[in-house]
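Listed in Swiss-Prot for this protein:
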- Cys72, Cys74, Cys87, Cys90: Zn(2+) 1 binding site (BINDING)
- Asp462, Asp464, Asp466: Mg(2+) binding site (BINDING)
- Cys816, Cys890, Cys897, Cys900: Zn(2+) 2 binding site (BINDING)
Amino acid sequence: MNLLNLFNPLQTAGMEEEFDAIKIGIASPETIRSWSYGEVKKPETINYRTFKPERDGLFCAKIFGPVKDYECLCGKYKRLKFKGVTCEKCGVEVTLSKVRRERMGHIELAAPVAHIWFLKSLPSRLGMVLDMTLRDIERVLYFEAFVVTDPGMTPLQRRQLLTEDDYYNKLDEYGDDFDAKMGAEGIRELLRTLNVAGEIEILRQELESTGSDTKIKKIAKRLKVLEAFHRSGMKLEWMIMDVLPVLPPDLRPLVPLDGGRFATSDLNDLYRRVINRNNRLKRLLELHAPDIIVRNEKRMLQEAVDSLLDNGRRGKAMTGANKRPLKSLADMIKGKGGRFRQNLLGKRVDYSGRSVITVGPYLRLHQCGLPKKMALELFKPFIFHKLEKQGLASTVKAAKKLVEQEVPEVWDILEEVIREHPIMLNRAPTLHRLGIQAFEPILIEGKAIQLHPLVCAAFNADFDGDQMAVHVPLSLEAQMEARTLMLASNNVLSPANGEPIIVPSQDIVLGLYYMTRDRINAKGEGSLFADVKEVHRAYHTKQVELGTKITVRLREWVKNEAGEFEPVVNRYETTVGRALLSEILPKGLPFEYVNKALKKKEISKLINASFRLCGLRDTVIFADHLMYTGFGFAAKGGISIAVDDMEIPKEKAALLAEANAEVKEIEDQYRQGLVTNGERYNKVVDIWGRAGDKIAKAMMDNLSKQKVIDRDGNEVDQESFNSIYMMADSGARGSAAQIKQLSGMRGLMAKPDGSIIETPITSNFREGLTVLQYFIATHGARKGLADTALKTANSGYLTRRLVDVTQDLVVVEDDCGTSDGFVMKAVVQGGDVIEALRDRILGRVTASDVVDPSSGETLVEAGTLLTEKLVDMIDQSGVDEVKVRTPITCKTRHGLCAHCYGRDLARGKLVNAGEAVGVIAAQSIGEPGTQLTMRTFHIGGAASRAAAASQVEAKSNGTARFSSQMRYVANNKGELVVIGRSCEVVIHDDIGRERERHKVPYGAILLVQDGMAIKAGQTLATWDPHTRPMITEHAGMVKFENVEEGVTVAKQTDDVTGLSTLVVIDGKRRSSSASKLLRPTVKLLDENGVEICIPGTSTPVSMAFPVGAVITVREGQEIGKGDVLARIPQASSKTRDITGGLPRVAELFEARVPKDAGMLAEITGTVSFGKETKGKQRLIVTDVDGVAYETLISKEKQILVHDGQVVNRGETIVDGAVDPHDILRLQGIEALARYIVQEVQEVYRLQGVKISDKHIEVIIRQMLRRVNIADAGETGFITGEQVERGDVMAANEKALEEGKEPARYENVLLGITKASLSTDSFISAASFQETTRVLTEAAIMGKQDELRGLKENVIVGRLIPAGTGLTYHRSRHQQWQGVEQETAETQVTDE
C-alpha cells in the first residue's frame, strides 16, 4: 500500500483503503520520480512584491498545485466549474489548495550522492555490504581517494583505495586497463557490480568453515544485510541517490510576518543550498571545468544533501543566519518534539477543558461537580441540536446566539443534555489507568471542578491548587465504554495489587477512629439497649457518650443455603459509636468487622471484605456512607493540634546524659589508641542512634497511655486521647518518626554526601533548635527537595521504557493449554514470613494438582483459578508449595492467554480477552516509582552491626530441615561444620509449612540436626563473623608445601598474648621473582606418609592458602574432618554501597551486568587453582569426566571456595553481586524470574508499596522474548542471530512436521530498552528511541509492520487491538479471510 495515500485527505470516506500492514523500504529513483509532479529547478521561493510563488521554484504552483482553492495563479480560471482544468498560461491545475500538502517534487542531481543514513548510522550499512571500513568509504565519497571499481587484467584489487598520486602513476603504468572512480559514482559502481546471490553463497560456505567467534559474528551480520536485499528485491545501488524528492510546500511553509519579513521552515534553507550547488555543478560540467573544481562542487553537493537529510550527523551542522543549526528532515521525526511523539502518539483533543479542583464531600462516588460555564462550552453541539429539535432556534447560527445570550431555556436544555452523559476527568501526570476516570457531572456554580474525596488516592490529587482536565466522550459507543469501564464506581480495586483503592484517608479515618474508640467510665457505661434506634435516642438526648461501653442487641443479615439473606439477632459488647456505625453496614457484612477501633488498615480490610462478600454495588454505597459519617464525626470531634499535645518525656535528660557519658568513654579509648578512628565514628553513631530510639520509645509510651479512674474508683491505664497520638495511631496523618521529631529528639543528620554527622540534634521542634542545629538540619531538607525533582524525571523515564517493552502484550485467548508454570512458596527472610503462600497464589491458575500432604488426596485440580476460598483451604491443609501458571511460560504466540495470567486484579475474576495486561503491568510498576528513593545506601553504623551477626535463632517452634544444598561434615568433637556455600536451615511448623528460613555461612557450626524438633529462641548455628575459616573435608597429617617463613608467609606476634602466627604474604609484595609464583599449600598424608587422594579419584588432596590467611595448623599435626586449617580475616564493615530504590529497579529491568559481579560455577565439579598470572588467579573446575573449565579471577575479588572443594553448577564461587545473565544461563528461566521478582519486590516492600508478582513476570516475559540461534539446523535461520522466540517455535514445529532438523537456541535476557528496540514492529521501535538507526535498519531489511501492538495502531490512527478494539480487529480479520477465500473460489470456478 502506498504510504502517501495513507494520509490522503482527498479520498472520500467511502473510498477508505483498508490496510493490514505497513512496509518500509528504500525508494528507487523511478519511484521517487513517480511521486513527483515536476522538477524543482530554481532555488527561489516567492516573489517578494507579488507574494506569488516563482515558477520552477521551491513553491511553484505548477508543480505543487494552486495557492487558493479552485483558482489558477494568473487568475484566468476561478470557481468550482473549472475543476480539473490546467491553465494554459500559467500551467496550474485548478483544484483544492490542500493538494499542496501532498504533492511532491524532485531535484535531478547532477552527480549521484550517498544517503547519509546508510553511510553514518552505525554500524555503517554501506560498509557492511561492501566489506570496507567507514573511513575508507568516506575518503572516496568526499573526494580524498580513488577506489578501483574494475581492476581489469592489472594486479590491482577491486575496492582498493588509491591516492591521487597513486592513481596517476598507475594510469601511466597500465593505461586504460583498469577503472578507478571517485565520489558516489565509484561507490555506486561497486554496489551495482556486486553479485548479491553469489556473495551470499560464498559467505555461507565461509560461515561453515571458519572457527573464530569474531569472524562468525562479522560474517553473520554481513550475511543478514545481503539476504535482506536479496529477499526484498531492493537494489544495492539505491542507497546512492540520483534524484532527491522535495517535500510538499505546505509541510515546509513560508509565512509572511508583519514588517515585510518572512518566517520560514529550515527545510527551505536546506533545499535552497542543495539546488544552488546542484545548478552550479551542472553549469561547471557543461563548461568542462577543471577536475579539481568539479570535484569540490560535487563534495559540496554531497554535504548539502547530507545536511538536508540529517544535519550534524557528519562534520559541523549547517547553521542559519542566527548561528543555530538548521532542523533537518531527520530532526523532524525524532525526539520528544518530533513527529512520532509530538503529533502521532500525543494529540490535543477538542471538547476538553481544565480548571482547579476543590472538594465535593456531598457527592456520590460516581459524580463530580462541573462548573456551569464549562459545561455550556463543552456540550455546545448537543445544546444546538436540542434547541433546533425543540424549535427554539431555526439555524445553528440562531442557536449559537441563544447560547451566547445564556437565555434561561439554555440552562434547562443543558441539564437535559448532561443527564446520564458521563465525562472523563484526568489529572496529570497520568501514571496509571486510574489517572483518567469517568463521572456523571452535577452542574454547580463557581469555576472550580468538584472532586469526590475518595477518588483522590487514585488520582494522587490534593486541593492545594491542583488542576484537572475534562473530556467529553461524544459517540454513543464512547459514552457506553466510559460508563461501563471507566466510571469511578466501577474501579474500586487497584490494578496493581487487587486491593481497594477507594479507601478513606485523613479526616475520614480520623472521624471513624474517634467514633469507634472506647472510653473507660464514660457517661452511661454498662447500659443495655434493645436495638440501635434506642442507642440513637440515648446518644441524641446525651444520656450516653460516643465512647461509652454498652451492650446492644443487633440484627445482622446472614446468607442461608439458598443464598438468601436471613436476619439473625445477637447481643454484642460494644460502644455507642460502633453501634451507630453498624447501621450503614451492607447486608451480609458481619458486625465484628467494625467492633473495634477502626484504623486505616482496618478500614481498608473492611472495604475489601465488603467487596468480596457483598459485591461492587453495595461496597460503593457503603464507602460513600463511611465518608459522610467520617467527615461528620471528624467535625464533631474537633480534634486539633496544640503545643501542649507534644509531651516531652521526663526521661529525656537522663538518657541524653547517659549517651554523652558513653561517647566520652569511646573518645578516651580512641585517645589511648585502643580503637581506630573509623571504629570510634561507627560506635558514636551507634550510641546516638540507640539513644534516639530509647527517647522515642519513652515518648511513645508516655503519649499512648493516660491514667483514668474506672467505675470502681481504681486508677487504670487507657489508650490516650492525645490529638497527635490519635492522628498517628489511626493512620490519618503523621507517624511515630514524625512525632519523635516533635517531642523526642530529632536525632542524627546526614551530610550532603550521605555520610552521617556524628553529633546529633538533641532538641526537638517543641524546644526549638539552636542556630548550629538548624544549619545541620538544612542539608537534609534541601537534598530531599533536589532528590524529588530528579526522582520524578527518572521515574517517568522508567515508566516509559516499561510501557514500550510491554505495549503489545494483550490477552488474546482463553487457554494456551500449557502445563508449565513456576513453583510458588512463601517468601521467608530471616525468621519472618514476609509474604504468605496464600497471598502469592491468590488469583492464579494451578498448573498441576494441589495435593494434601497428610492424606494425599487432590485438593484442587490443575487449571483451576484460585479464589479466596480455595487459598484458605490450601493454607489450612499445610501445603508448602503450589505450582501455578505464569505469563513467562505462556505458549500463546502473539500475546498471552487468560489462564497463564490469572485473575484480573481490578475486577476480581479471570482476566477478559483484550485486556492490555502489558501496559497495566508497566503502569503498576512505574506508578509508585516516584515514592521510591533515589539514593544508594552507604553501609554505616546500624547496618554494619547487622552484618556482623554471629548466630541464628529460631523464632518459632517447629522442625528444623536442611536445604537441599546443605553440605556438612562432623569434626572430632562431634560438631557439624557447614562446608557448603548456599546452605539454609528451614523451620517448618506442625503441618509442614515453611515458617522461617535462615542462611548459614560456610564454616558455621550447626547446633541442630535435620528433622530435629526445636523451640522458639533456640540457637540453630553459630560462627565467627570476623573471619572466614578454611575447613578440611579429609583427615590426615599436615604437610606444608612452599610455606617458607619470610618468603611466602610472615610470622606475626601478638603484643598482648605473645602468641605467634603465620600469615600468607601477597605475591606482589614478595621479594624475589621466583617466590612470587609460589603458592603455600597444604597436603595430607596417611600414617604411612603417602599423600591422601580425593575419594574416587587419583588426585591428591591439596588446598592452597589464600593471601592474608592466618594458618592455624602446624607441620606434622594430625587433623580430622571439619578442622580449621586457616582463618581469613574479614574486613569488618567493608562499605559496599547497595544500590537502592529507583536506580536498583531500573538496573534489574535493564539487565545490567553489576559492577563487581560475582561468579557462578559453570559446571559441577571439583575446584583447583592453576598457575597465577599477573594480578589474576586461575580457578579450575574439573567435572567427573575430567573435563576442566578454567577462568581467570582478579586478586581483589574474594573467592568463596578453596582447593578440593566440590561445587554444583550455578553455585556462587566468587563473592559479588549476581549477574542475572549468569542465572539464566546456569540455572534457567525459573531461577532468573524468581531472582528478578524477589529483588524488585524488595525495593518496593521497603517503601511499603504492594505490587502483584504478576506484573513483574509480564515484564520478564518481554525481556526473554528473543533467543540466540545456537545451531540453525535446517530452518533457514543464521547461526548466532537473535530472533523472536515465537518465530523459532513456529519454524521448529514446521521443520519437525517436514522431518527436517529443528534449530537449537539459547535463552537471552534483554534489558527493557534493548527489548523495545528489538521488537518486530519498526514503527513502535522508531517512536521509542534511536529513530534514525531503527528506520535505517528497517528500510534495508524491507521490514513489514504487522501493526500488532497498541502503539503502532495509535500511530496509524486506528482502534487499538485491545479491549473493545480487539473484537473490531478480529471481525475485520475474519472478513479479510472471507474475501480471500471467495477470490480463491472464484478463480477455481473460472478455470
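Placed from the backbone N, Cα and C atoms, the Cβ positions cover glycine too.
Quantities reported herein were computed from a predicted structural model and do not represent experimental measurements.
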Candidate binding-site residues Cys72, Cys74, Cys87, Cys816, Cys900, pick with smallest Cα gap to Asp464 (Mg(2+) binding site):
Cys900
Integer Cα-Cα distance in angstrom, Cys890 (Zn(2+) 2 binding site) to Asp462 (Mg(2+) binding site):
41
Top Cα neighbour of Cys897 (Zn(2+) 2 binding site) in the set of binding-site residues Cys72, Cys74, Cys90:
Cys72
Identify, among the binding-site residues Asp462, Asp464, Asp466, the residue whose Cβ has the fewest other Cβ atoms within 10 Å in this structure.
Asp464
For Cys74 (Zn(2+) 1 binding site) and Asp466 (Mg(2+) binding site), what Cα-Cα distance in Å is obtained after rounding to a whole number?
56
For Cys87 (Zn(2+) 1 binding site), which of the binding-site residues Asp462, Asp466, Cys816, Cys900 has the nearest Cα in space?
Asp466
Which one of the binding-site residues (Cys74, Cys816, Cys890, Cys897, Cys900) has its C-beta surrounded by the most other C-beta atoms within 10 angstroms?
Cys900
Fewest other C-beta atoms within 10 angstroms, as judged across Cys87, Cys90, which are the binding-site residues:
Cys90
Write out, in the order they occur in the sequence, the residues of the chain not among Cys72, Cys74, Cys87, Cys90 that have a C-beta within 8 Å of the mean position of the C-beta atoms of the recorded Zn(2+) 1 site.
Ala61, Leu73, Gly75, Lys76, Tyr77, Glu88, Lys89, Gly91, Val92
Rounded Cα separation (Å) that holds between Cys90 (Zn(2+) 1 binding site) and Asp462 (Mg(2+) binding site):
64
Would you mind listing, in sequence order, the residues at least six apart from Cys72 (Zn(2+) 1 binding site) in the same chain with a Cβ closer than 8 Å to its Cβ?
Ala61, Pro66, Lys78, Cys87, Lys89, Cys90, Val92, Glu93, Val94
Taking 8 Å from the centroid of the Cβ atoms of Asp462, Asp464, Asp466 as the cut-off, which other residues in that chain fall inside it around the Mg(2+) site?
Ile357, Ala461, Phe463, Gly465
Specify the secondary structure state of Cys900 (Zn(2+) 2 binding site) as given by DSSP, simplified to three classes.
helix
Can you give me the Cα-Cα distance between Cys816 (Zn(2+) 2 binding site) and Asp462 (Mg(2+) binding site) in Å, rounded to a whole number?
44
Between the Cα atoms of Cys900 (Zn(2+) 2 binding site) and Asp462 (Mg(2+) binding site), find the distance and write it as a whole number of Å.
38
An 8 Å radius from the center of the Cys816, Cys890, Cys897, Cys900 Cβ atoms defines the neighbourhood of the Zn(2+) 2 site; name the other residues of that chain inside it, in order.
Glu813, Asp815, Thr818, Arg885, Pro887, Thr889, Lys891, Thr892, Leu896, Ala898, His899, Tyr901
